[in-house]
Amino acid sequence: MINKIKTFLNNNAIFKYILLFGVLAILGHSYILYRYFKDGIIFTGPNDGIEQMLPIQMYLYEHWTHGTFFYSTDLGLGGDMFMDLSYYFSTNILFIINVIFVWIGSFIFHFDTDHMLFWAQNAIIISIVKSFLIMSFTYLYVKKIGLNRTASIVAAFLFAVSPIYFRFTVYWPFFSDVFMLLPLLLFSIERFLKDKKIGMFILIVALTFINNFYFAYYQFLTGLIYFFYRFIFQHKADIVPRMQQLKLLVVASILGIGSSLFIFFHSAHSFIGNNRAIYNGTIPLLSNFNKHDNIFYDNYLIVVLFIAIQALLTIKLYKHYYYRLFSIFTIILMIASFLPYVDSIFNGFSAPQKRWHYLLTFFSSGLIASYVYYFKSISIKQYIITAIPGIVVIFSSYYITKDYVSWIWMVPILFIIGLLVLTIKRFTRLITLVFATMILLTSFIVSKDHSKNQIYHDDHERRANKFFIQASTFDSGLQRSHVSHLNQQLNPDERLGWRVLTQDNTPMYQHFKGLSLYSSIFDGGLNQYLFEDVKVNLQNESLSRYSDMQDRSNLYSLWSTKYIMKKSYQKSSPANFKLIQDDGKYQILENEQPLPAVKVTDQYYDAHDIDNPLDLEHAMIKGVVTTDKDKVNTEINKAPNLLNQTTITTRDADYKDDMLTVPRNGDGLTIQLPKKLTNQYQDLYLMLHLERELPQSNFTIQVNDYPNNRLFQDSKYRMNQDDLLYRVPVPKDGKIFISLTNGKYKLELQGLYGENYQTLKQAHKEKRYTYHETNGKINISLKEHKKGTAVINIPYREGLKAKVDGKDKAIHKVNHIMTGIDVDQQDKDIEITYQPPYFKTMILVSIVSIILSIVFTRKVNSKQQT
């Protein structure tokens, strides 16, 4: 039997490597598997992992398998999942394949895909598969450049089971897709230069731009730099003349990008239209050179094996072309790791982000593999001399930081084994294989220690586990029971305001139409509406979230929020909601002043004539806000600024010329309201401009019971939102306390506006329509109405199309973000559909590009054969 297996493996080389890399991938994940089965620790981060990655995967799977691929009103307030989630998984090739397999497998194995635990388990399997693919593709590249099988396996394993791979995958799994695409890109370049075969390069470019637009930029920079190195320093095996290299690769790149446009165009469009705040922070010239910058020891991001230092110092081997290439790239990237400007360049000249360090891992892995390949040509003296600096770096790092790692003992062990390889003249192949195996073992232990110390830290173990993601802190059976009951009470056009603690993607995994979203990219129009027009002020400042409408009753009603659910201990509630259920853990409140999701109005307000959020809310309730000057027929009754009727005093603080100095936490200002105002209004909208002076730090401004946590000036995630609004329920004692973290601030009180909710209470509440939404199509049947504009509270997007009684009708953006359709008195049926802008055009361009790519590839190949 054993002989038959050996014969089969010898005759099936491909299967042999599939088996080898499969086993290595599983072994590389053995610590991950051990912690999952022993302790229930999941291979998904406690922040972005379980709050974004898993919910988004579940959301996409659920919608795709039910036939919805583009616009959906339950993506936060509504959006295009294809475009808005392209940064994550909606265009991710591996995830799409994964969805297909899960969908097919569900018919056989009945997977529980609507619970987070399934997707947490799926993440481990996909990581193993990805690691297998990374090894396979890296092996192809390293073999292509002339190294033997042993060295190629070393490079493949070091790259695929590196600390940075696990860090990327546990927190942002789509990041680590670049580990597969990088060796494929470089392989395709080498294949072209040596064999003059261009087809694979076009294919890899197309797949790269399809898979993720963000890392396509990384690939573009890497491929360009790599090619120019190969262009300047030619290899003896290159057969394509220099100028021909340029011409053919430029054409091939254009064809590859053109072939991807049916997806890449829309992904890039979503990013450009995101309207995120521009980073204005200061970028230092050099890093801080603290222990987190030590890339050779227990770094939080990357650990370059100490053998790379020895390889870099073995100058004798620089005579070999690819050894020299790997050394030069490794040295440059090591230096770049201390330059924050490089982090900014790779992040599109924005906030510095350390996401390019996988390149350092790749080229240092190639360097170590080359070192193994040429190892026997090194003299013992040279080996000992070059080993000393690496040993000194590792042990001095331990001495300085006192951070113990178990692999530190592999340094002398590996040194001794290397010395034996150079000393013993017999069994050369076997002992070299032992040396290579020990390098793999060292790499595994480094990654295991890194996972233990830098990934599976206390917070990860506390929150990223099987218990947590099925508990009340994230997703409990009781929560789902309440949500299921409320879903039965909700019409398709109504929403439920609920999130578990700060889990803004709760609607995604508890399956309801909510109001919150946590995503690095969402439509810029929605961003503008929420944070600039109506000035929603999130309790915790964040570029990537929106939620809960700041307990503003008008906004809840404008977005058809019928119910709010919250923890029983949470005190804050919006006006006009009554408690209908309290089981001691959760409270359910019902909106007493709901507004219809669809209304027909002929009252038009000028968007440019409205200068504060309360007036905007009133205008949207009474009629419709438009930028079409020809339609405007109504003037807004502006709310008076009440600030000059109040008395403003300091509390153990100094306030002069809009500069506020707060000596102790909690000091600040007090605004005293006169009695007549406290009797006249339910809520107050306080507007102010606030900037923290030096020194920079996060801070909190608390207005009565609303603590608002703000980020420091240079934070990558700061919104640059300094004009802030606070909804303040009118206090019984008439006092508004503005309390701040100690420090110095520029504080300008801009306005105080009172809300008695008469506008909301007097608004028409009757639903004069029926509403149905299926697979991205919305059908509305209007009852008796007047001529005007049908306002539908779904976010307007370019690509929305409408038919009224079967005839095409233009759609307009109204109320800054909502959808408006002009209707006549006799119009009844409205059908709204969506297709990403230029969708068919981009498909046509891609088809033409694919055809041209085939023709171009055959022409280039035929010339080579000739």
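Using the three backbone atoms N, Cα and C, a Cβ is placed for every residue, glycine included.
TrEMBL entries are annotated by machine, without manual review.
Per TrEMBL, these features apply:
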type	residues	note
TRANSMEM	14-34	transmembrane segment
TRANSMEM	87-111	transmembrane segment
TRANSMEM	123-142	transmembrane segment
TRANSMEM	154-174	transmembrane segment
TRANSMEM	198-228	transmembrane segment
TRANSMEM	248-266	transmembrane segment
TRANSMEM	295-315	transmembrane segment
TRANSMEM	322-341	transmembrane segment
TRANSMEM	356-375	transmembrane segment
TRANSMEM	382-400	transmembrane segment
TRANSMEM	406-423	transmembrane segment
TRANSMEM	838-857	transmembrane segment
Original post:
So which residues does the transmembrane segment (248-266) touch in its own chain, when a touch means Cβ under 8 Å and the partner is 6 or more beyond its ends?
Top reply: 82-83, 86, 91, 189, 192, 198, 201-210, 213, 216, 227, 240, 836-839, 842-843, 845-846, 848-850, 852-853, 856, 860
Subject >> the transmembrane segment (382-400) in contact with the transmembrane segment (295-315), cutoff 8 A, at least 3 CB pairs, sep 6+ >> reply: yes
Original post:
Residues of the same chain, at least six outside the transmembrane segment (356-375), with any C-beta under 8 angstroms of its C-beta?
Top reply: 138, 142, 147-148, 150-152, 154-155, 158-159, 162, 164-165, 168, 176, 178-179, 182-183, 218, 222, 295, 301-302, 304-305, 307-308, 310-312, 314, 317, 320, 322-323, 326-327, 329-330, 333-334, 336-337, 342-343, 346, 418, 421-422, 432, 435-436, 439
Original post:
Would the transmembrane segment (322-341) count as touching the transmembrane segment (295-315), if touching means at least three Cβ pairs under 8 Å and pairs must be 6 or more apart in sequence?
Top reply: yes
**OP:** Output the single range from 14-34, 123-142, 295-315, 406-423, 838-857 maximising the number of Cβ pairs under 8 Å to the transmembrane segment (154-174).
**Re:** 123-142
Original post:
Other than its close neighbours in sequence, what residues sit by the transmembrane segment (406-423), given a CB gap under 8 Å and a spacing of at least six beyond its ends?
Top reply: 306-307, 375-376, 378-380, 383-384, 387, 390-391, 394-395, 398, 431-432, 434-435, 438-439, 441-442, 445-446, 448-449
Original post:
Between the transmembrane segment (14-34) and the transmembrane segment (123-142), do 3 or more CB pairs sit under 8 angstroms, pairs being 6 or more residues apart?
Top reply: yes
Original post:
Restricting to the same chain and to residues at least six past its boundaries, which positions have a Cβ under 8 Å from a Cβ of the transmembrane segment (87-111)?
Top reply: 52-53, 56-57, 60-61, 64-65, 81, 118, 122, 126, 129-130, 174, 177, 180, 207, 210-214, 263, 267, 270-271, 519-521
